[in-house]
């Protein structure tokens, strides 16, 4: 019956003319129309059970840090007017998902949270704001699911907009990165940092023409995955630079080390000091070093001249956070050759960067000017945590840990003691559960009027909850309830018989004995306890 | 400069051939191409500041109730394969947003959270589950923004799936509705309830043909907005029923009152008791009444035979929650005639129902069978809170209340006492802020190396934070800090000079004096305190 109805509705959807045909006619419709894959779209997934608990723990940990730094929460629509996204993502614009033209405005799904933020600031003439935003973004990319590279994935962004003194908001953003990863128990991370002005200046020094800068920049950006020879070849063969230019770029982009070291090396380079852009970038970094030293986070930062970042809108410092798991495995190339499937590249890639960001001083202004508003420049700097990638790192820890439960249930209400003809006390169990719910206590019971004791204990075990409240057939008539610890170590314990009127007091007392002041399971997981 | 770059990128996006043209050529491009509206798409909005704080308070209050009832959190992709949504929404299918066909699978934005839930259950062969899901859904409907009717809007769903004894999960869902609204301080609500089997049986009794049932049902559903005469006319003139049939329907659908009363009236009707469907529905409701009485929620429920609900998939009880604000204003028709704009109908409509739901026993099975799986029937019942509408009710309360702040900032770190040549202690302020952040305390400071006292106090006032930590030029050199209450009533108070090493202890003490064990501002708002 359900099958027939469904088929009927499906056909009705496909063609409105079929609406009035009988279900006998519907039966004759070709069967192939009804068969479709029961799956989520490619590159997307459902979040459920323990995964959601861990993910929500990550969100809560990071958002409490953002709030700690004075941020408001912002939430923008999942799609924007298509014009808003146009021209912001360079070569990656082809990865934007468009909504079908069904009449009305042309829209596209957001590609990141930065452009919607800049749109919000420009649209509302905001002069300064700190905001965070945790939401999904959309890219029609080749997914690598097990490594956390998805087409629909979460970003978790914090940004500071406003005309402030140089490098203070930038240093605070880096501090938030360090606080964020530390709070999640991720300690072996490194922040690779560079400055767009320094990079652009170096390209000038090496003889790259202005109009070639962005494409040479994107070649340099591949140095974390490809050897120098391959990148040099791309510059010379594909992107029309001379050998000499490529070699001069090579000298610089191989430089990396502590902020202080690399700053000192560059400051002794006469070409660098003679170039206006490089000089300006170095001066800004000198100020920046002073602040990150005060914040005691300089040891996490590696000044890496090969970092370029693909997006068009960056104008100042740029950075990426990497861990050991970010790099591809050593035998990646081999695995790649063996692999027959190009669908899931997860076998031979690392998780990539687990956070990234930078300064983008012109983006808000672009919106303001393109729409005829005069807002003046609103400089911005921000960070984005890659939640899926961070999740996949933490998940590995959680897999060894059975203590994280998908539900929060604390009490299972049971009834037993009667024979076959006994009612099973279902309305009575409901009354007891209702009292516990009203007291804010997570409570379940078996959805059956007559359930045998075994089935009730099994259900309680399955959800892993620590306490049972039992309505005994005779005891309940005397206004008594039984409170009993659950779990194999309490199998022989009959629990405690209490007055029904004391239920909430006793249960709260027992729960505080069980949980005490201990951190919850997810916090323990983050702390590696 | 920024303008030119932006224009260039925009054109590059529009046509890849333009990539290499010079910026001078770009200048000559028609100006109209660059002008676009700086807005969110029609029917969507940004959430920010106090609104987000209140909304997150609603989410947190409702999700803690869902967890209290043993639910896991589920999160599904924002788009589904188009086939998954097909044939589920009757006449409303035309409101579904499609993604553009950019190669690969055809997808559409979700229309509700129920169909993705059923897809998840069928896809994973789940036999029973309780889950909640708070997320945005998408409908290409005519928006009425100020009343909370949007094209992108939040739903907040709780559902129970599994083969359980009749009416127990149904009664628990109704209990959650009552707990949910009570926790938000919404007390004047009414749950209108009906049963699809009773409604379908009544249509049979009145002489409606089986194939006409859904369209007559959708006519009846309009009784909350239209008078009986108009609905009757629709049945007779547009939908081909006889006068006699319409009048017999009219006798029944005008019935409403308490569950117990209406149940008694119907039980004395010979035609009703002789009809298989109506009889079955009434038997189920007798059981249901027993459980809602045990849960003490029967007084919130009104048995209303005119409630029909538009969606195809309901099979058992159906319900909607309404408040005084749900109905259109008395002079709605007048306003409608006066209004020139059809864009925003908010002037002459009520907010409508603020929650709704029902039982849908065949939906999971439809998926399982249409994809060749054999799962057997997985009956479901669920509720959906209309967050935007609930928000607009609570917002009215909040507008009188200035105590809700968009940020959580507790401490403002300041420095003063030096003259023009003094450094301003910026790195020192950073060090102090860092200590507070590490202790989990929300802290801000002015992003300026030399800020005068007035500007620092103004910034602290603006964010409404209650405490300042002050680095005095001389005091700081003696390892002393000054902790001072903020706000007009403390204008003459110089605060307390403390040892720098005691900072965290003192600040925590002062914050607990200020906030005590009081509920936070949002909870107070819900409680109407």
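Note: Cβ is positioned from N, Cα and C throughout, glycine not excepted.
The feature L-histidine binding site is assigned by TrEMBL to B:112, B:113, B:114, B:139, B:155, B:159, B:309, B:313, B:314. DSSP gives residue B:309 (L-histidine binding site) a coil state; it is part of no helix or strand. Taking Cβ-Cβ distances under 8 Å and a sequence separation of 6 or more, the neighbours of residue B:309 (L-histidine binding site) in its chain are B:221, B:318, B:320, B:356, B:358.
As annotated by TrEMBL, domain 'Aminoacyl-transfer RNA synthetases class-II family profile' applies to B:54-406.
Filtering of the binding-site residues B:112, B:114, B:155, B:309, B:314 by Cβ separation from chain A (threshold: under 8 Å) yields no residue. Secondary structure from DSSP puts residue B:114 (L-histidine binding site) in a helix. When every Cα pair among B:112, B:113, B:114, B:139, B:155, B:159, B:309, B:313, B:314 is compared, the largest distance found for this L-histidine site is 21 Å. The Cβ of residue B:114 (L-histidine binding site) has 25 neighbouring Cβ atoms from other residues within 10 Å, across all protein chains displayed. Reduced to three states, the DSSP call for residue B:314 (L-histidine binding site) is coil.
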